[in-house]
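Visitor: Have a look at this one.
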Amino acid sequence: MAGNSIGQLFRVTTFGESHGLALGCIVDGVPPGIELTEADLQHDLDRRRPGTSRYTTQRREPDQVKILSGVFEGRTTGTSIGLLIENTDQRSQDYGAIKDVFRPGHADYTYEQKFGFRDYRGGGRSSARETAMRVAAGAIAKKYLAQKFGIVIRGCLTQMGDIPLAIKDWDLVEQNPFFCADADKIDALDELMRALKKEGDSIGAKVTVIADGVPPGLGEPVFDRLDADIAHAMMSINAVKGVEIGDGFEVVALRGSQNRDEITAQGFQSNHAGGILGGISSGQQIVANIALKPTSSITVPGHTINRAGEEVEMITKGRHDPCVGIRAVPIAEAMLAIVLMDHFLRQRAQNADVIPPLPRW
């Protein structure tokens, strides 16, 4: 099965299934000498892990990461870093009823069509449980980027259903279960989530992730543009159905005189491009938005077919998130960090001697 790796020089390969013994990943390309402990990775894993609030799946996994290789005496050795998280709270019996039934909106049907066989327990490899390893790998990238270049990567929920959320206070994001930066909307989100749980339904969301401090010059023309790689990484996250860089689809309604980011001796006057021009970072904030569909794992009855092709009614049992966008925040941060780390190493490999002729604002 191909498609389990991302990155060229900073390369992350994950393995494992939702109800398997463990999840794991191999991280190649980590520079030597970085101080690294399991605690450095655990913070973001705790932000992503299930069972931390009444608004997310009640599957309770400690998600304690183990560093198996690539670190000696608290420092990276430059060799492959092996990471492992054991699964401890599987309830595979919850999925016995769907062994021969395809859940609508899930990957059951497509995995069966592709492989002729599937692990039906919690979605197997297609489950968002896999993203725990991306978050662990992304934490390595985030630490390196912050220490070496002062880059800060942050994300937050910016819409749930029809409730738009402003980015007002980054400090608030870690103080509420929604990863929301808009204190005025938290009560509305709470009310919506309570209603969804009562109805047995779910809702979509938008997540915004921003990188501050990225220097100009990252990105490879033409097929490895920075924004193309970011979009690729974000689209690989479960339930993501759309990605915007900068103003995204809003540029359709703008004129060129409005959309272009004019430059003065003091710097750029706007950032409609989201910090990327011609596929290369401009030195401004990198801004990406992702749209996540509402999960199809709901108790509202729906129509589907079984393996015999017969029409059946489907009610999904198990433990699921009413809004998968909430826990997607640390995942999106991790994917942006992985892409930026990869492009930093690629830029250093080819253009280490280049001295930018223009100032960086």
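Keep in mind that glycine also has a Cβ here, set from the backbone N, Cα and C atoms.
Here's the feature list from Swiss-Prot:
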BINDING   R48, R54  NADP(+) binding site
BINDING   R125, S126, S127, N238, A239, G278, K293, P294, T295, S296, S297, R319  FMN binding site
Visitor: Distance check, please: Cα of S127 (FMN binding site) against Cα of R48 (NADP(+) binding site), rounded to an integer number of angstrom.
Guide: 14
Visitor: Roughly how many Å lie between the Cα atoms of R48 (NADP(+) binding site) and R125 (FMN binding site), rounded to a whole value?
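Guide: Cα of R48 (NADP(+) binding site) to Cα of R125 (FMN binding site) measures 18 Å after rounding.
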Visitor: Check each residue in the chain of T295 (FMN binding site) that is at least six apart in sequence and keep those whose C-beta is under 8 Å from its C-beta; list them in sequence order.
Guide: G105, S202, A239, H320, D321, P322, C323, V324
Visitor: Determine the Cβ neighbour count for K293 (FMN binding site): the number of other Cβ atoms within 10 Å of its Cβ.
Guide: 17
Visitor: Return the residue, from the listed binding-site residues R48, R125, with the maximum count of other C-beta atoms within 10 angstroms of its C-beta.
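Guide: Most Cβ neighbours within 10 Å: R48.
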Visitor: Which of the three DSSP-derived classes (helix, strand, coil) applies to T295 (FMN binding site)?
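Guide: Reduced to three states, the DSSP call for T295 (FMN binding site) is coil.
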Visitor: Please report the three-state DSSP label of A239 (FMN binding site).
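Guide: Once the DSSP labels are grouped into three classes, A239 (FMN binding site) ends up as coil.
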